Amino acid sequence: MGKNVVVLGTQWGDEGKGKVVDLLTERAKYVVRYQGGHNAGHTLVINGEKTVLHLIPSGILRENVVSIIANGVVLAPDALLREMTELEARGVPVRERLLLSEACPLILPYHVALDNAREKARGAKAIGTTGRGIGPAYEDKVARRGLRVGDLFDKASFAVKLKEIMEYHNFQLVNYYHVDAVDYQSVLDEVMAVADLLTSMVVDVADLLNKAYRNGEYVMFEGAQGTLLDIDHGTYPYVTSSNTTAGGVATGSGIGPRCVDYVLGIVKAYSTRVGAGPFPTELFDSVGEFLCEKGNEFGATTGRRRRTGWLDAVAVRRAVELNSLSGFCLTKLDVLDGLDEVKICVGYRLPDGREVDVTPLAAEGWEGIEPIYEVLPGWKESTFGVKLRDGLPQAALNYIKRIEEVTGVPVDIISTGPDREETIVLRHPFDA
């Protein structure tokens, strides 16, 4: 048998998954995106050169690695084409390395229009979506009216289906949201221009992955967003529209649950969040500003400033449970360099004075809770670029050890910088 390794975020996204996937794919045959869409922003730095991927898996820069966009991903044709063009201009043979599932739902311009119209209508209660049509595309999928990549094999039938669904959505746009309708012909022309390209990359992804596993191949499954944004288990309604937890791997790609061998949870050494929603450890002081500036905490997809705060071990423990995590990769440890002290949230104090060590299930339950902190000594030495565990300051090692103790999960990888080489691998997921 082969080995299937899942890499996913344990917080609210932006944990550094792209770099880690790129690093680990040195030993993988396939890298698979199984949920989300081009609302992801995975940043890779290789030999100082920065690449930001939104839809294409992070393994695309590796020779002899096949990248797959599986059925759980909502696919925007224009975004895919744009990303492919940018990579090909840099000499990356994307068409030789990328495969698609025919079951991928398509994100089309009317989804984007709906997304933005809804956010505007929510006013102060806006979710803070990326405005890229992700949610409306998933809605169409669940309502069984969505168009999929496989529909492009019959272009005449696709045109008819598109007209029907656009009449439905344009009625909403014009009569409920009071915005302009989306032009049918322009959408049809846009999709037809890339239809042959998309269908040329289609394979039976589930069959391919199951055969690869039986044949001893190593496969990496790349999560997007983070556990606390999961549609079912996140801080609802301030969540994304897909299952970001490990359970989404099986439904989003077509492998069975028992075929997952190792789940690597990416945990940032502090916490960040983009957009609205609960964030108990959020900092509004100079330390929060320090983390934002030093950590360059601006969204790779939207450019929005990320909210920053101390590490929330209560929330991370929820991620441990939801994903059956095998190990952690701790990222951005170097951002904490220079602080006099570092804090870990180990519990919450409710408005009525009770103390709990588990996260609420919905956004309303987070209102008024206060973090309970453990305070540890900081370190002045630089951890940036350190490649051996023994090269880390003792205070940093103590911080890592305490994270392991309060979560019950070992830190198997430590990231000390953005480049793939700036990493300490204590236990490789494919060897675990």
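Each residue, glycine too, has its Cβ placed from N, Cα and C.
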Determine which of Arg82, Arg90, Arg304 appears in Swiss-Prot for the same IMP site as Asp14, Glu15, Gly16, Lys17, Asn39, Ala40, Gly41, His42, Thr130, Arg144, Gln225, Thr240.
-> Arg304
Please name which of the binding-site residues listed here, Lys19, Gln225, Thr416, is nearest in space to Gly41 (Mg(2+) binding site), Cα against Cα.
-> Gln225
When the number of other CB atoms within 10 A of each residue's CB is tallied over all shown chains, which of the recorded positions His42, Arg305, Arg306 has the maximum?
-> His42
Of Lys19, Arg304, which of the binding-site residues has the most Cβ neighbours inside 10 Å?
-> Lys19
Roughly how many angstrom lie between the C-alpha atoms of Arg306 (substrate binding site) and Asp14 (active site, proton acceptor)?
-> 9
Among all the protein chains here, how many other CB atoms are within 10 A of the CB of Leu333 (GTP binding site)?
-> 24
C-alpha spacing of Gly303 (substrate binding site) relative to Thr130 (IMP binding site), in angstrom = 10
Measure from the Cα of Gly16 (GTP binding site) to the Cα of every one of the recorded positions Asn39, His42, Gly303, Arg304, Arg305, then give the nearest.
-> His42
